[in-house]
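Have a look at the structure below, then the notes.
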Amino acid sequence: GGFHILWNWPQTMQSASDSFWKGSTPSTSPQAQTERLKVRLAGYPRKHNEGRVELFYKGEWGTICDDDFSLSNANVLCRQLGFVSATGWTHSAKYGKGQGKIWLDNVLCNGGEKSIELCKSRGWGNSDCTHDEDAGVVCKDERIPGFVDSNVIDATVDENRVEEVRLRPIVAMAKKRLPVTEGVVEVKHKDGWAQICDVGWTIKNTRVVCGMLGFPHERKVNKNFYKLSLERQKNHFHIHSVACTGTEVHLAACPMEFSKPNATSSCEGGMAAVVSCMPGPLFMQNSGLKKKLKTSSNVRLKGGARLGEGRVEVLKDSEWGTVCDDRWNLQSASVVCRELGFGSAKEALTGGRMGQGMGPIYMNEVKCVGLEKSIWNCPFKNTTSEDCQHMEDAAVRCNIPYMGLENTIRLTGGRTRYEGRVELLSSDSNGTQSWGLICGESWSTPEAMVACRQLGLGYANQGLQETWYWDSSNVTEMVMSGVKCTGNEMSLSQCQHHKTVNCQKAAAKFSAGVICSETASDLVLNASLVQETVYIEDRPLHMLYCAAEEDCLSKSAAKANWPYGHRRLLRFSSQIHNIGRADFKPKAGRHSWVWHACHGHYHSMNIFTHYDLLNANGTKVAEGHKASFCLEDTDCQESVSKRYECANFGDQGITVGCWDLYRHDIDCQWIDITDVKPGNYIMQVVINPNFEVAESDFTNNAMKCNCKYDGHRIWLHNCHVGDALSEEAEKRFEKYPGQLNNQIS
């Protein structure tokens, strides 16, 4: 587990790309001309932006000794790895001991060097260290724009970098619409944009450009049509003879020639390269075509805040599972992205960066070329539990088309850029634009999730119905009301809302607001534990006074002949895991928690979980209600320490990587089934049912089981979390036939 990602350059590209990366930068030593220094992160356990530093020198990988190591050294290395800076460094082989050479020792950088080899040191291969002293770095998780590779970065940086690429539409129709799918390919050059000469241009080049711009497929283009209009324009050709293989994720990774700085930019026998791309279903204007081109149904992304990012999950035998990150790279990630109707991959993420999955882990060491139709067509290994754990779940960030959605929404009045009153840009009948507010009534978490996504600010931490405590702006008009989102929409305009604005409290202080956050928690119930621990108990009423006070029995208990008789309780354990990227904390501060003398502790949430028994047509026949008894870390994964404990008015919550266990034998951990007749039912548990606390994924908050009750005993089978099965399997589950032949006569 925990391997580094290596980007293997085909040998034929080596020479072409050498000259391209180098350009005319004066080289630092003869050695650097023959071979560029490669840097990688390795070790375990680690995240993609941290690890043991390894350098590739004279044909082999080696490490750096931690003597005299400093943050300045770490900054140089992190930039070489494509991160903006370092946040720290590690000593004494924190990420495990390396092998082979210890290449550098007593390294002293100022922090501004372009490469670690320009810093002072004892020289290559001179050290008095052992691998117990291997140094590591922790980099700020933010990429330098235009960096192509995910982990092994070549140290020479060239001024001829291709960073930004765009399509400039020529057809009048196309200019008005987003996304732009066809036009002249232009690269950012100095202060303007330059064109590419299309002599020798192939469809493989087109594929790479389309992928970068967020489109899964390329289309043939009618060159004659463009020839006329392009001949009238003055073109500035900066790049010639591009030779992509079609698997690159960025144009910068393709071999190409740059025009000489002072040469006349000509393109004899050719014209500016023109490209046409096919958008994925989410971004198509034509709805008829959308239906035909439904994207893959056996791959999905989970837990991402933005469109086109998330943990990769694949479907096998009707059950969803994850992919292990060993050898996970940009080519494999791109196959997933294109399969889902996005472009190529911007990042291949390792180490459970988009939260951990709960189900099976189906694939390991996936090795796609980058041209496959589906990840299932790539070579991979089946995993065993020794190989991989969910800490190593692979994730992706895909390139998506520019839609300009973030230009029609803004936040005002907040203390940081992540919060504020939501303002929308809308046009009136005359076509004039002024900004306006959203009515706060009915505004809640799903709506806030869409607003934060549209703003590009991650997850919604909270949706606010009143914003009087934030600075007011001069915008006072309400332009939208009655907003209802599922939570999956790309923008608020895609949600349901009133045709004409109708708002009871139309003052600015009652307008909708959000607090967004880069990370969020994600709670999920351990379904198999429910199935293993279920049983029936007939509990005497004289032992249930406390539970009755806490409202944990069904309504008919009030009419019972206390203290005689009993209630029949369906009991089970629930173990609730936080597999997200932020701690789950109650929304209410501790000043508003309620003391329950009966059980001797504070309740931090009114309703934390619903326990229901439903009959075949979905009607409730019995319910249990679970106030957040007390949220705490019962237990955690190996590397995680507990943070929350209820005793002594302690902090309540569930840490990432920990779980809270409510054992079957504690009070109220039941459904009161005294009044239930024998038959077939569905048992359902829903966590955080009112979306009171932000989560990255609400689709996994419900758990269901088939339930058979014969009046004496109970059987649960097929317990599963709401999003764990395929749609077909879920439909079959709902239609579970009611057999009523086991009634007691």
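First residue shown is number 1, and so on along the chain.
A Cβ is built for glycine as well, from the same backbone N, Cα and C atoms used for every other residue.
Where the annotation comes from TrEMBL, it is an automatic prediction and has not been curated.
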Discussion item. Just confirming the record: what cysteine out of CYS139, CYS197, CYS210 does TrEMBL connect to CYS78 via a disulfide?
Written reply: CYS139
Worksheet item: When you check TrEMBL, which of CYS119, CYS129 turns out to share a disulphide bond with CYS109?
Response: CYS119
Discussion item. Three or more CB pairs closer than 8 Å, sequence separation of 6 or more: does that hold for the domain 'SRCR' (39-140) against the domain 'SRCR' (409-517)?
Written reply: no
Worksheet item: Which number gives the other C-beta atoms within 10 angstroms of the C-beta of CYS398 (disulfide bond), all protein chains shown included?
Response: 28
Worksheet, complete the sentence: Cα of CYS398 (disulfide bond) to Cα of CYS368 (disulfide bond), in Å and rounded, measures 16
Worksheet item: How far is it from CYS324 (disulfide bond) to CYS368 (disulfide bond), counting Cα to Cα, in Å?
Response: 14
Worksheet, complete the sentence: The most crowded of the disulfide-bonded residues CYS78, CYS244, judged by neighbouring Cβ atoms within 10 Å of its own Cβ, is CYS78
Response to the item:
Here the disulfide-bonded residues are CYS129, CYS139, CYS495; the one whose Cβ sees the most other Cβ atoms within 10 Å is CYS139
